[in-house]
Every structure is written in C-alpha cells, then in structure tokens.
Amino acid sequence: MDPDHSENVVDYRSLGNMPGYEWKLLRYKCRDLRLEGVYHRHLQLVSAAVVTQLIIVIEILMLIHVILLFSVVKDIDFLTVLPYFAVMLLTPSILMPSRESNVEQYEVIAILVSCLMAVLLTAMDLILPICYFRAFNLIPNFDHVVIVLVYLMFPIAFVENGRAYLLGLAVSLVYFAYMTFMVNINTHDEVWELTAYGAYLFFLNMLSMSLSGFREYNMRSGILSRYQLVYQNLVLQMAMKQEKALMDSIIPATLARFLQDTIASHIEEDPSNLIPFTKTRHLFMEPHPEVSILEADMVDFTNLTTTMDVSELVAILHELFVNFDLAANHNRATRIKFLGDSYTCVTGIPSYFATHANACVNQALDMIEISREASQRRNKRIELRVGVHSGEILAGIIGLTKWQFDIWSKDVDITNRLESSGLPGKVHISSRTLGLLDNHYVYEEGTETAKQDPLLQRSNLSTYLIRSRLPNFEDSDDLEDDNISQNDYNFSFIFTQDYEDIQVKAQRDMILEVEHMPLNRVQACKIRRPLHRMAKKDINEEYRFHLESYYLFTTFRSWKMEWSFSKMRDLLMKYSLGMMVLAGATIIAMNLLHTKAAMDYTMLFGLFLLILLALLLASYKKLWLRGRRLTPMTQPSTFLSRWLIKISNLIEMSVFVRVPLGIVVLFMLYIMSSASVLSCDIARLELQIIDSELHNLKPQMICFMPWPVTYAVIIVLSLMLVIIGIPLIIKLTVGLAIVGCHMITVYAYYGFAFERSETTNVGMTSSLAHSWYLIAFFIMVVVREGNLNYILKASYFMSLCFEKKHKQTKVKTRTIKIIMANILPTHVAEVFKVRRRSDQLYYENFSHVAVMFATIENYEADHSGLRALHEMICYFDELLLNYQTWYKIEKIKVMGWTYLAACGLDVDHYTDLAVSVPISANPEADKLPFDLPRWMTMIMTQRAGSGSPPRQP
C-alpha cells in the first residue's frame with residue numbers, strides 16, 4: 001500500500017457527481033466506515049452544547065420583551081409580564097437535564113425536555129391572547145421562533161428517529177387552532193387571512209425539516225473529513241515508522257536525525273526540487289574521541305568460497321552476522337559494516353561510556369565463541385581473526401549516492417593491522433586498549449608480525465593476544481543497566497499493525513476525536529467532559545483557533561485564510577435555491593389570499609420564474625445524474641447539456657457566482673413579499689381608513705393585510721438559515737437591510753395601515769409589535785448562524801492543523817525516502833519494510849555480473865583529510881550517473897579508500913519520485929561502460945593536480 005495514497009472518503013467533487021441527496025450519500029459512507037456510532041455520539045454532544053445556546057436565546061428574547069413592555073406600556077399590569085418571567089425562571093431548570101450527554105436514557109430525556117419546553121413556550125405565547133380575546137385581537141408573538149427552535153435547537157432535533165417534525169407540527173396546529181378560534185369568536189370573515197397564516201406555518205415547518213438534512217450533511221462531512229485526516233496521518237505514520245526502523249538498523253539514529261533535518265531544510269528552501277539534494281555535496285561527519293574499534297575476518301575464507309556452494313556460504317555468513325548483531329546489541333556495540341567475511345563494529349558510539357574497551361573485547365570473545373559453535377554445527381572450519389584498538393574516529397557518510405555509515409581515522413587503520421597480524425581464535429589488542437581493561441582477561445604478548453608492522457611501530461604500540469575471560473568473570477551490571485534500546489539499532493521489523501489495521505485504529509481514534517470536535521464558542525459542556533490523552537492536543541488547537549480568529553462573527557485574522565474558507569465548495573446551494581422557490585410560491589399564494597384590491601401579478605410571476613430558472617440551472621447536473629454517475633466517460637453528448645452542467649458546477653464552486661446569486665434572489669423575494677404594499681394606492685387607502693374610523697368601524701385594508709406582509713418578510717429572513725455558501729457578514733448585512741426596509745415600510749410610508757392592525761400585547765402599539773416580531777426572529781437567526789459559522793470555521797481550522805501535521809509527516813517521510821534510496825535499492829527496502837523475521841535471509845542471484853574495485857593508493861587521511869576523499873567519491877558518483885540507461889552500473893559501497901561498483905544487477909534505480917537523481921542526457925556516455933576505470937583515474941589525476949574534474953567527451 002502506497003503511503004502517499006489513501007482513499008479520500010469525503011471527495012466533494014465526486015460527491016457532487018453522484019446521484020442522490022448528498023447527506024444520504026454521506027450516511028452510506030459513514031455506515032461503510034463504521035462511523036455511525038461516532039455520528040450518534042456527536043449528535044449527543046452537539047445537542048448538549050446547543051442547550052446552552054437555547055437557554056441564552058430564550059432568556060435574551062424574554063428579557064428584551066419584558067423591557068419593551070415596561071418601556072412602552074403605561075400603567076402596565078404585572079400579570080401581563082408574569083408568563084415571561086415564568087419562562088425565564090423555568091427554562092434553565094427544564095433544560096439542565098439535557099446538558100448531560102453521558103447519562104443513560106439520554107434520548108428519552110431529550111424528548112421529554114423538548115415537549116415540556118414546547119408546552120411552556122406555547123402556553124406563554126397564547127395565555128395572554130386567550131385571556132384578553134374578548135377585548136383585544138392579540139396575535140401570537142413567538143409562534144415563528146418556537147416552531148423553528150423545535151427543529152434547530154430543541155434536544156429532540158438531535159435524537160435519531162426523534163421525529164421532531166411531529167412536535168413542530170403539533171405546535172403549529174395549536175397556533176393555527178388559536179387563530180381559527182379567535183377569528184370565529186369575533187365573527188369576522190377572515191378565512192383567506194387564516195389560510196395565508198396556515199401557508200406561512202406550513203412553510204416554516206417545511207424549511208425547518210429541510211434544515212435537518214443540511215445539519216446532517218454538515219455533521220457527517222465534518223466527521224468524515226476528520227476521519228480522513230486521521231486515516232491519512234496513520235498511513236504516513238505507519239510508513240514512516242517502517243522506513244525509520246529500517247533506516248535506524250543501518251545508520252545510527254543521531255546521524256539519521258541530522259540527515260533528516262538537513263534534507264527537510266533543503267526541501268523547505270527548494271520545494272520544487274530544482275536542485276536535487278544529492279547534488280549539494282554535504283559532508284556528514286561526527287567525531288568520537290574515545291571509542292574502541294573491532295575488526296574481524298574469517299580465516300581461509302578463499303578456500304571456503306572455492307569448496308562450498310554460493311548459497312550455502314551465504315547462509316553461513318548470514319547466520320554468523322545475525323548472531324554477531326545480537327551479541328553487539330548485548331555488548332552495546334554498534335555494527336558499522338560487513339563486507340564479504342569481514343565484520344566491523346565500534347563501542348562508545350553514539351554515546352560515550354567508560355567501559356567501551358571491556359565491551360569491545362567481550363564482543364570479540366562472543367564472536368569467536370559464536371564462530372566455534374557454527375563450525376561444530378556445520379562441520380566446517382570456521383575461525384576468526386579479531387583485532388581491537390581504542391582511540392578516536394570520524395563517523396559518518398561520504399559521497400552523493402548509496403550512502404553507507406562508516407568510520408575513518410588512523411586508529412581504524414591500526415585496528416585493521418591488528419586483525420591481519422592476529423591469530424585465529426584470539427583477540428589481538430593494542431597496549432592502549434589493554435590499559436583501559438580491567439583484570440578479568442587472560443592475555444599474552446602479541447604476534448611477531450605485529451612487532452614488525454611499520455604503522456604499529458610508528459604509533460609506538462605494543463600488542464597482546466587475549467585468550468579468554470577469567471573463570472570468575474561476570475557480565476558488568478553497567479552493560480545491562482545502560483543497555484542500548486532496540487529502537488536505536490533495531491534489527492527486527494515486527495510491527496503491531498499492518499495497513500489493514502489502520503482503518504480499525506482510525507475508527508478507534510475517532511471515538512476520542514469526536515469528544516473534541518468544535519461545538520460552540522462557549523464550549524461549556526466540553527469543559528465538563530473528562531480529559532484523556534487527546535485533550536491537550538485538542539485544547540492547543542482550540543486555543544490557537546481562538547487566537548487566529550476575531551470573537552465577533554468568528555472571522556479569521558488572516559484574510560487569506562478567510563478567503564480560502566469562503567471559496568469552499570457549496571454542494572447544498574441547489575437545495576437552498578429549491579427552498580427559495582418554495583418561499584416564492586408561498587409568498588405568491590399568500591398574496592393571492594390576502595390581497596383585496598386588484599393587483600398586477602406580472603412582476604410577481606416574472607420574479608418567480610427567474611428564481612425558478614436559477615434553481616433549474618443549479619440543479620441541472622443533479623437532475624441529469626439520475627441513475628448514473630458523472631465521469632469523463634459519461635459526459636453529456638449535446639453541447640447545451642455540457643454547458644448547463646458547467647453552469648451548475650460554477651454555481652457550486654465559484655463564490656463570485658454563488659454569493660451574488662443568493663443576494664439577488666433574497667432581494668427579489670423581499671420585493672415579492674412587499675409587492676402588495678408597494679403597489680397599493682396610498683391616497684385611496686388613507687381615505688378608506690379615515691372613513692372607517694369616522695364611522696367607528698374596523699379599518700378596511702383595501703390593498704393588503706399588514707400581518708401577512710410581515711409573515712412574508714419572515715419567510716424571506718428564514719431563508720438565511722439554508723444558505724450556507726454565503727459568508728456570515730454578508731448574510732447578516734442582507735438580513736439587516738431586509739429588516740431595515742420593512743421597518744421603513746412599517747413606520748415611514750405605510751405606518752397608518754400597520755398601526756391599525758392587530759398587536760401582540762396589551763398596550764403595545766401595532767407598529768412596534770410588527771417590528772419586534774421581525775427583530776425577535778432575526779436575533780434567533782443571528783445566534784444560530786453565528787454558531788454554525790463557528791462550527792464550520794473551527795472544523796476548517798482543525799482540518800488545516802491536521803493538514804499541516806500531515807505535510808510535516810510527508811516531509812519527514814520524504815526525507816527518509818531520500819536517505820533510504822541512497823542506502824538500499826527501492827525494491828530491497830520494500831522487502832524489509834513488510835512483516836518478516838529479523839533473521840530471515842534475503843538475497844538475489846545474478847548470473848552475469850562485472851565487479852570493479854578502485855582503491856586510492858598512497859592516501860593519507862591525516863594529510864589530505866576526509867573532505868578530499870568525499871570530493872573524489874562525489875566525482876565518482878556523478879560519473880556513475882552517466883551509466884544508467886543502456887548499461888546500468890550500480891555503486892555498491894565505499895570501504896575505506898576503496899570504491900566498489902558492479903554492472904549487471906537488474907535493478908530499477910531511484911524509482912521514488914521523492915529522490916530526483918539527474919540522469920545524463922549524453923547518449924554516448926552509456927555505450928562504453930568499461931571506460932569508467934579510465935575516467936576515474938583521470939578524475940584522480942585532475943583532483944591531485946588542479947582540483948577540478950575533467951570534462952566528459
């Protein structure tokens with residue numbers, strides 16, 4: 001499984017190209033991913049959080065209403081405000097039980113609490129009109145607020161199969177029954193006005209029911225988006241863990257981290273990788289002043305290669321080296337390399353410890369014992385010569401490609417001389433190492449060959465042979481206490497999970513993630529929930545979100561982030577336009593029912609047809625997709641159909657189309673709602689009202705009825721609840737403009753008509769009743785839209801945080817890939833990243849191979865330095881890149897001052913796109929692969945002379 005690819009569970013483009021309602025498609029996706037439990041838990045948490053806002057909304061509305069009554073009503077009767085005080089006192093105590101989302105039978109409690117609140121608010125709104133119905137015709141003041149709250153904020157709205165629509169319809173029937181009762185008692189023939197009121201209530205219920213689908217879409221898309229980010233992060237973490245484990249088994253963790261940091265910096269400076277990292281010629285070296293070095297070699301290995309089958313010989317070497325590695329882990333030794341039959345390790349790196357000499361000698365004795373046991377078991381003569389010396393080294397990697405961790409120094413050369421001049425079955429050590437040992441070893445003088453060695457003589461070193469440990473020898477506690485972690489040099493790639501387990505783990509993580517998804521600005525219910533291991537991260541993200549946004553309107557401080565959020569695709573715009581069409585039809589029906597004078601409906605129907613056209617354009621793609629899915633292979637055949645689908649996509653995708661379209665349609669609907677008022681003959685209406693008052697009759701509204709006009713404006717304002725793709729500030733500005741225009745209509749131009757209509761409270765003027773009826777609903781809309789805006793922006797910000805971490809993880813993974821591509825062939829690395837036994841042998845057979853050894857003679861590191869060696873190896877590596885098409889020459893490794901390459905290894909090099917290794921464009925360079933030694937010799941000559949490489953022919 002490719003860690004860079006994971007299924008996009010919330011692909012908005014493909015979701016819009018599928019038949020069916022979007023929230024139903026997300027519902028099926030949640031079921032497929034087994035996230036239904038997470039969704040239901042999120043419903044409970046949102047319900048508990050919204051209760052706080054519900055209390056705030058009701059308390060604010062009741063408080064403002066009471067203040068208005070005390071401000072405008074003279075000699076107010078306390079009984080007229082008693083119901084509102086009762087609501088203010090009883091609402092918190094009724095709703096408090098539903099704030100605890102962790103209690104058993106929460107759904108039952110939510111339904112009961114919602115029913116009680118519906119009864120309380122409806123009774124509060126109707127008790128005064130019923131008590132005063134003989135003296136006054138009082139209109140319900142909060143019918144629209146109560147109905148919409150049932151669907152949006154009551155706990156029953158968040159209960160699966162809670163059937164909030166039954167409660168909403170019941171409340172609507174109670175209000176309609178009251179209006180019917182009031183009309184019949186007063187014996188007024190107002191059947192048409194009552195029918196218009198019924199149409200108004202019907203639309204509020206239909207709109208609120210549609211909002212449940214919108215809410216489900218937003219919640220499910222939020223959950224799936226979070227799941228997608230968690231899933232991708234786990235995939236990358238798994239890939240990084242596997243690659244890091246393999247990398248840490250090859251090079252020390254400290255060097256690996258240094259390489260990663262350097263490569264990450266290079267990627268940050270050059271994200272397009274115009275200058276490949278392998279061309280930067282960094283030299284990665286780390287000095288270690290106090291270490292012990294071990295060099296081991298098999299005796300008479302050439303004889304074994306001629307008398308044994310190659311596969312059997314490789315199996316023996318593999319068995320030996322695996323056991324050597326296990327012994328090295330016990331003795332705190334770091335294996336540096338092995339080549340053929342030689343094995344090199346060091347004690348005292350990556351961190352220094354005082355007993356490094358003892359550890360190195362113990363490692364040597366353990367290796368000798370391991371070889372003896374293998375010799376007896378296989379009935380072969382397997383003996384080791386081992387040299388151990390203590391001193392200083394430079395550890396790191398050199399060259400451009402095929403890095404290998406290695407060590408260099410004069411002391412490394414001394415160790416090689418000790419090994420070559422030693423005796424089989426004994427550890428040949430220097431006097432410097434002997435001086436660091438304790439008295440737990442049996443030793444004797446070194447060999448005569450060592451005494452004649454010029455390097456040992458120049459270093460003024462005597463040598464000794466260690467036969468064994470003393471009989472009373474015990475492993476040092478220091479070794480066991482400070483034993484190096486398997487994580488640092490891990491040779492076992494046994495992971496607790498595979499990619500198949502990531503989906504299960506992502507589902508488990510989502511159980512924790514859902515507890516910390518944004519709910520509202522206050523987050524009161526969230527503070528009361530227990531904190532677990534994800535809480536600290538969540539608090540940090542939420543705190544950062546509050547720092548990155550203004551409190552008012554939850555606007556991002558960064559205009560780029562705000563603009564990026566505003567440009568998000570709105571797949572529900574067609575459904576919003578559908579509700580606008582329904583609103584337009586309802587407004588036309590109400591105008592037909594309550595308008596008494598002859599009216600020209602041409603403009604009304606013309607505006608309605610334009611809105612219907614906008615709906616058809618926005619929903620054409622969804623209509624065309626019925627029974628099929630839009631793919632490049634199933635595009636419409638006709639030119640007109642293709643253009644209509646492009647327009648549908650444009651309405652969903654482009655904020656420059658979506659926002660103006662929504663604003664224009666809202667104002668068109670407002671014009672339709674006020675058409676009967678604007679087309680009325682003011683002079684005639686005034687004369688009719690004056691005449692009615694002179695004869696002590698109820699004023700006859702010959703053009704329009706005031707309350708149906710206000711109801712129609714409420715319908716327009718309610719559409720703000722279903723338009724998600726327009727920024728909050730723009731929506732509120734449009735809403736304020738609509739409220740302001742209607743206030744001007746009520747007070748300035750047609751005040752004489754609105755003042756003579758029914759009121760909502762005894763002593764309150766009708767004009768103020770109309771204004772407060774409108775403002776109360778607008779306050780509820782502002783609170784709800786503010787909360788929705790907060791949730792959407794907080795989720796978006798959390799997604800940005802996840803994506804940022806995702807990118808950081810991808811950079812880390814990419815750095816590891818670059819390192820691994822320069823250590824092992826890609827296909828070999830993939831073999832070792834899957835589950836396999838740590839001691840399992842891996843090899844490949846190649847029948848026709850040419851091998852080249854190029855050794856730098858007369859090279860003295862003390863005089864020339866490792867940088868000069870590094871430059872020469874880099875030149876060789878660059879030259880090798882010219883041999884990658886016809887004749888692939890593979891760099892094997894660098895051993896000290898020797899460069900090893902081979903031709904005939906059928907391996908795909910640098911298949912990872914994360915590693916941009918330039919291939920020569922010179923076709924002639926690949927035709928003569930055996931010119932490579934000549935060119936390497938020329939490079940050496942030029943390097944020794946002028947310091948610059950020769951030009952290629």
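Cβ atoms here come from the backbone N, Cα and C positions, even for glycine.
Residue counts for the domain 'Guanylate cyclase' (292-419) by DSSP state, with H, G and I taken as helix and E and B as strand, are 61 helix, 37 strand, 30 coil. Per TrEMBL, the feature domain 'Guanylate cyclase' maps to 292-419.
Look at TrEMBL and you will find 45-72 (among others) tagged as transmembrane segment. Here the transmembrane segment (45-72) has Cβ contacts under 8 Å with residues 80-81, 84-85, 87-88, 91-92, 95, 98-101, 110, 121, 141-142, 145, 149, 153-155, 157-159, 219, 514-515, 517, 519-520, 522-526, 761, 763-765, 768, 772, 776, 779-780, 783, 787 of the same chain, all six or more residues outside its ends.
Nonlocal intrachain contacts for the transmembrane segment (78-96), taken as residues 6+ away from its ends with a CB within less than 8 angstroms of a stretch CB, comprise 51, 54-55, 58-59, 62-63, 65-66, 69-70, 113, 116-117, 120-121, 123-124, 127-128, 155, 761-763. Marked as transmembrane segment by TrEMBL: 78-96 (among others).
Per TrEMBL, the feature transmembrane segment maps to 108-135 (among others). Residues of the same chain lying 6 or more positions beyond the ends of the transmembrane segment (108-135) and with a Cβ under 8 Å from any Cβ of it are 47, 58, 80, 83-84, 86-87, 90-91, 94-95, 97-98, 141-143, 146, 149-150, 154-159, 162, 164, 167, 170-171, 174-175, 178, 181-182, 185, 761-762.
Annotated transmembrane segment per TrEMBL: 141-159 (among others), in sequence order. Residues of the same chain lying 6 or more positions beyond the ends of the transmembrane segment (141-159) and with a Cβ under 8 Å from any Cβ of it are 43-44, 46-47, 50-51, 53-54, 57, 61, 65, 95, 98, 107, 109-111, 113-115, 117-118, 121-122, 124-125, 165, 167-168, 171-172, 175, 201, 204-205, 207-209, 211-212, 215, 714, 718, 721, 760-761, 769, 772-773, 776-777, 780, 784.
Within the chain carrying the transmembrane segment (166-185), a Cβ under 8 angstroms from the stretch's Cβ atoms is held by residues 114-115, 118, 122, 126, 129-130, 133-134, 137, 140, 143, 146-147, 150-151, 154, 156, 191, 193-194, 197-198, 201-202, 204-205, 208-209, all 6 or more beyond its ends. Residues or ranges marked as transmembrane segment by TrEMBL: 166-185 (among others).
Residues 21, 23, 143-144, 147-148, 150-152, 157, 164-165, 168-169, 172, 175-176, 179, 572, 575, 579, 582-583, 586, 589-590, 593, 707-708, 711-712, 714-715, 718-719, 721-722, 724 of the same chain lie 6 or more positions beyond the ends of the transmembrane segment (197-214) yet place their CB under 8 Å from a CB of it. Here TrEMBL flags 197-214 (among others) as transmembrane segment.
Taken from TrEMBL, the feature transmembrane segment applies to 575-595 (among others). Proximity of distant same-chain residues to the transmembrane segment (575-595), defined by a Cβ-Cβ separation under 8 Å and at least 6 residues beyond the stretch ends, is recorded for 192-193, 195-196, 199-200, 202-203, 206-207, 210, 213-214, 601, 604-605, 607-608, 611-612, 614-615, 618-619, 662, 665-666, 669, 672-673, 675-676, 703-705, 708, 711-712, 715-716, 718-719, 722-725.
Sequence-distant contacts of the transmembrane segment (601-620) (same chain, at least 6 residues past either end, Cβ-Cβ under 8 Å): 573-574, 577-578, 580-581, 584-585, 588, 591-592, 644-645, 647-648, 651-652, 661, 665, 668-669, 671-672, 675. Per TrEMBL, transmembrane segment is recorded for 601-620 (among others).
If you look up TrEMBL, you'll see 650-671 (among others) marked as transmembrane segment.
As annotated by TrEMBL, transmembrane segment applies to 709-729 (among others). Residues 144, 148, 152, 196-197, 200, 203-204, 207, 210-211, 214, 218, 553-555, 566, 568, 570, 572-573, 575-576, 579-580, 583, 586-587, 590-591, 655, 658-659, 662-663, 666, 669-670, 672-674, 676-677, 735, 738-739, 742, 770, 773-774, 777-778, 781, 784-786, 788-789, 792 of the same chain lie 6+ residues outside the transmembrane segment (709-729) yet bring a C-beta within less than 8 angstroms of a C-beta in it.
Marked as transmembrane segment by TrEMBL: 734-752 (among others).
Look at TrEMBL and you will find 772-792 (among others) tagged as transmembrane segment. If one looks beyond the transmembrane segment (772-792) by at least 6 residues along the same chain, the residues whose Cβ comes under 8 Å of a Cβ in the stretch are 50, 53, 56-57, 60-61, 64-65, 68, 139, 141-142, 144-145, 148-149, 152-153, 218, 222, 518-521, 553-554, 565, 710, 713-714, 717-718, 720-721, 724, 728, 731-732, 735-736, 739, 742-743, 760, 764.
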### Same-chain residues near the transmembrane segment (650-671), Cβ under 8 Å, at least 6 residues beyond its ends
16, 566-567, 569-571, 573-574, 576-577, 580, 583-584, 587, 603, 607, 610-611, 614, 617-618, 678, 713, 715-716, 719-720, 723, 725-727, 730, 734, 738, 741
### Query
In this predicted model, what is the average pLDDT of the domain 'Guanylate cyclase' (292-419)?
87
